[in-house]
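Q: Pasting in a structure now, in structure tokens, and then I'll have a few things to ask.
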Amino acid sequence: MPKNRERFNPDPSIHISKMSFIIPVSSDVPCDSNNQRMWWAFLASSMVTFFGGLFIILLWRTLKYLWTVCCHCNGKKKEVHRITTGDGIKRADKDDGAASEVGWMTSVKDWAGVMISAQTLTGRVLVVLVFALSIGALVIYFIDSSDPIESCQNFYKDFTLQIDMAFNVFFLLYFGLRFIAANDKLWFWLEVNSVVDFFTVPPVFVSVYLNRSWLGLRFLRALRLIQFSEILQFLNILKTSNSIKLVNLCSIFISTWLTAAGFIHLVENSGDPWENFQNSQALSYWECVYLLMVTMSTVGYGDVYAKTTLGRLFMVFFILGGLAMFASYVPEIIELIGNRKKYGGSYSAVNGRKHIVVCGHITLESVSNFLKDFLHKDRDDVNVEIVFLHNISPNLELEALFKRHFTQVEFYQGSVLNPHDLARVKIESADACLILANKYCADPDAEDASNIMRVISIKNYHPKIRIITQMLQYHNKAHLLNIPSWNWKEGDDAICLAELKLGFIAQSCLAQGLSTMLANLFSMRSFIKIEEDTWQKYYLEGVANEMYTEYLSSAFVGLSFPVICELCYVKLKLLLIAIEYKSDQRESSTLINPGNHVKMQEGTLGFFIASDAKEVKRALYYCKACHDDITDPKRIKKCGCKKTKMPAYKKMRLACCFDCGRSQRDCSCMPVNVRSNVDSPQRDIPLSAVSVNDCSATLRASKNSYNGYIKSIEEDQQSALSPKKKQRNGGMRNSPNSSPKIMRHDPLLIPGNEQIESMDENVKKYDSTGMFHWCPSKDIEKVILTRSEAAMTVLSGHVVVCIFGDVKSALIGLRNFVMPLRASNFHYHELKHIVFVGSLEYLKREWETLHNFPKVSILPGTPLSRADLRAVNINLCDMCVILSANQNNIDDASLQDKECILASLNIKSMQFDDSIGVLQANSQGFTPPGMDRSSPENSPVHGLVRQTSVTTGANIPIITELAPLAKPGKKVPVISFSQDKSSGISIQMITELVNDSNVQFLDQDDDDDPDTELYLTQPFACGTAFAVSVLDSLMSATYFNDNILTLIRTLVTGGATPELEGLLAEENALRGGYSTPQTLANRDRCRVAQLALYDGPFADLGDGGCYGDLFCKALKTYNMLCFGIYRLRDAHLNTQSQCTKRYVITNPPYAFELVPSDLIFCLMQFDHNAGQSRTSLSHSSHSSHSSSKKSSSVHSIPATNRTNRTKSRDKQNATRMNRVGQEKTWFTDEPENTHLRTIQIKPVNTLAVNQASQYKSTSSLIPPLREAEDEC
């Protein structure tokens, strides 16, 4: 076309009016002289390209087909001719050339296929680039759509045309690659993307040639949006099926919508060709988009509509397809968007703030209990964010709970089994991962398997992450040991609910109410103040106490544990119950109430009972120089004193004394030259290799005790005894009759040398770890009692376990209940006989784990049968435990505890004949030994004859009568039996519950509201009910301090160690071991007991005395650490008839007033002398006469002593406050005659003398008592 405007249009004004109507005239762009539209040229270029190529492809296929047919016919003749003539070499050359030509074309085709595929980086870049350029060309179309449909454009001056030209050149090259790589050229030619190229690429070249621009069919570039999902998949952005489907639907809908709008825009702005384009209307592209949406949705406002015939014809067909697409695609898109995970994002870590991941069983109950304890205000500032991860979105209640704690809680939907979800919650940077278990599931083993798989998945993703998981069954803990990266030394812990639950219940059999006290200690409870003088007031004051750990101040270095414990209680108002020693070069060991031979060293961690974490800081801040004269503990703050650094040699000396228990000068761990220079410090004093090895061996031995207190094992060292006993042991060591092997381990010897006497290498009495009593395995038939055999056996002071279960019930792990009752820190005769009453089929399944424990019997029957209960003398038992293995098989939560509740009410309603009530003497609490009740002030500490059994003190006193004494106006309680003794109400009982709200049905006389929290109810406060839900607090307590779980497990399980767990994982049964000094040393550890105040050495404090005085006296005299009171519920009322129920008071203050009926929770040392002085009792030698004689000699108190004790009370009351306020010299050296005292346990009977005399007068003999001891 000529480009000179003056040549073809010398006078532009002639046709200016017509041209303004057809084409806008520009002064610098020449136009056609005839003012004709050139749209047909652009359209023709596309049509010729499309149909021309299609014709060529079809022609090629036709020729190829004909050639193939012809070659096929001639091929046979040529093949025969080749065989007959023998001309094969020349033909072979031609065949080779053809083969090489085909190979070259194939390689090019493969190269083109790789270039356009997304399998390589180059292919992915090319695909993404083509898509991006297609979107760019579409954007240029949107810009040009505001101009007329056809206009004159100069390629050299129009920037958008130049860009569009470059894009289309690239599309042309890409089209060539696609064409080469296509296997079927015909189908490739008819593809949507090929059609798009046909109608968009050629018009650009025509536009450059004609210097004209026709908007035309460039809107077809919108069809490229259909490939948007493929592009995102190539880039690994879309990975889930829902996301791919959603993008596909959206891209198809949008591309169809935009393409149809482009066609309407073209025909409406151009007009009908047969109408000479006179019926056109000016519509913008976006108005056409609006028109198409209104049409698809069938709304049809009518404000914009098509006027051309082509436009209306297109709308007719578009309505059919568009309406169908709109009706199907839009709802599905909305559904997919609505189903998208609301909590599907990723966690963004905050600098300076740790976070933990909580997963597993995430419900409203479990989360609320966890958050209530984890975010409790009594903790220090909890700068930890909690991230919950669960595969199910939270319900409305749980979502509201998350919103209330939105500053510290986030929820993400996903699974810990998916590494992608673990990456979303940043598990690699998390401080810990906590896994909650479903305590109410029907299949505990399946729940444990799920949690173990979660642990495996998390450890596989990040082996160094700390994991704290809940486990339901004890035997499933062994599977965690199979995980290579599981390491309890690095903080990994498994909280076995069955182990702890049954351990708590078992400890209640030894000291009733202990389960409640321990549960309250590791749970964070807010202080609730009550002004009224009720039992709830004192109970809630104790509930506010929790267990904390804090490092001890350097001011305590060198002092013994009892001295520090007394100082902390009296001056700092803190209760220290245990310590842990850690060093970079030594392993750690936890000592619970060690004796006065343990000297404190620097860097010792203490376990405290206090009401607030801030109070425990006093133990760290205490300074003798600054705080020695302070009486108000709140004033003890961090002082500015510079801590003097202890020389290395002195640290080693204290460490050695910590292990061997000797004074600094006598410690054999140090070389002689060091001991001689104790008072003259020197630098770099070397230690002998022997001493260092001895110390290391000592600490390793203490570590093997796990958390119990064990005497240090050192060669050629003496134990921390009194001078006389050390001299005696030394004499034995030099005796020619002594075994060299035994004498080499004489630090393990204890007062009385019971180990040496009982060490029989041919008899296995304990398990291989020395922590539990053991006997050879027995068949279940040998321990089964019939009802008649049980009735003939007068059982007394035993433990009755009523268990509901059948063949299909899940095992609850009764071994965890028996193990604490068979701990080796009890002597054999102190073990309570255990009688299981329940289904024999169920007990047979449990027996595999019980057949190595002594003193266990089974009565097949049902706990609801009163005949079975009478046969086992349930009225004479020390404790009745009610368990159920069927609780989780019921959907209705209120009915889960029906069996336990029915059994409890059944026992309470029973009536008994009290003809053998004197046999209850062995269930009355213990009195410290060496204190003859007839002369409590003059008897020695050691040497009294041991009584028959250890006791819990559960049944004293039942009812108090106020009897006048010598002093006018002064009355003291005198214990007497009540008529309730013959009813089941007086039977000490603890019932396991699953649903906390069911506790309201246990006591009919309480006024507990159904919505009351469990710890506020009377049965829980009294220790007669226990629910597994209280163990939820252990998760957060373990996270903040893993030593708490160690201490709780030690107190509850009786001494289970990681080594023992490893053995049980191998054999699932205890293995017997011969008695050695090392295993016998494991018996020397503390245990929990209850101290009776009505009689014995503390009787003077029981009548109105101070709890603090009792604490100090018990600690100084017997190394007993008191930590709570078990008090009658109505002890504060001056009524003649009191309720027999007791409640727990944790860590009372110093000035708390005691009453004679109180039982004191205490940590007592192992009684070394009890075993050697015991006299065996046969069932044929017990008569009423002997029993009454023993009772009268042990439990009676002369009236003169009672009078003297009462007269001295006023004098003690007058000086009590002065004693408390006096300044005590805490930092003096201990007396040289200080030695480790031991105590004996005696049963305290309530007027057993009168009972025995009554039976003597009537000449009625007490039925013989058969002591069920195993022959092992």
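Any Cβ shown, glycine's included, is placed from N, Cα and C.
Per TrEMBL, the feature compositional bias 'Low complexity' maps to 1176-1196. Annotated domain 'RCK N-terminal' per TrEMBL: 353-495, 796-940, in sequence order. TrEMBL lists 716-746, 1173-1229 with the feature region 'Disordered'. The transmembrane segment annotation in TrEMBL covers 38-60, 125-143, 163-181, 246-267, 282-301, 313-331.
Would you situate these features in the structure and describe their surroundings?
A: For the domain 'RCK N-terminal' (353-495), the DSSP-based tally of helix, strand and coil residues reads 57 helix, 32 strand, 54 coil.
Across the residues of the domain 'RCK N-terminal' (796-940), the predicted structure has a mean pLDDT of 81.
Counting same-chain residues at least six beyond the ends of the transmembrane segment (163-181), those with a Cβ under 8 angstroms from any Cβ of the stretch are 108-109, 112-113, 115-116, 126, 129-130, 133-134, 136-137, 140, 155, 188, 193-194, 197, 200-201, 204-205, 208.
Here the transmembrane segment (246-267) has Cβ contacts under 8 Å with residues 138, 141, 145, 149, 215-220, 222-229, 232, 238, 283-285, 288-289, 291-293, 296, 306, 308, 310-311, 314-315, 318, 322, 325-326, 329-330, 332-333, 336-337 of the same chain, all six or more residues outside its ends.
Tertiary proximity for the transmembrane segment (313-331) is limited to same-chain residues at least six positions away from its ends with a CB under 8 Å from its CB atoms, namely 249, 252-253, 256, 260, 263-264, 267, 292, 295-298, 306.
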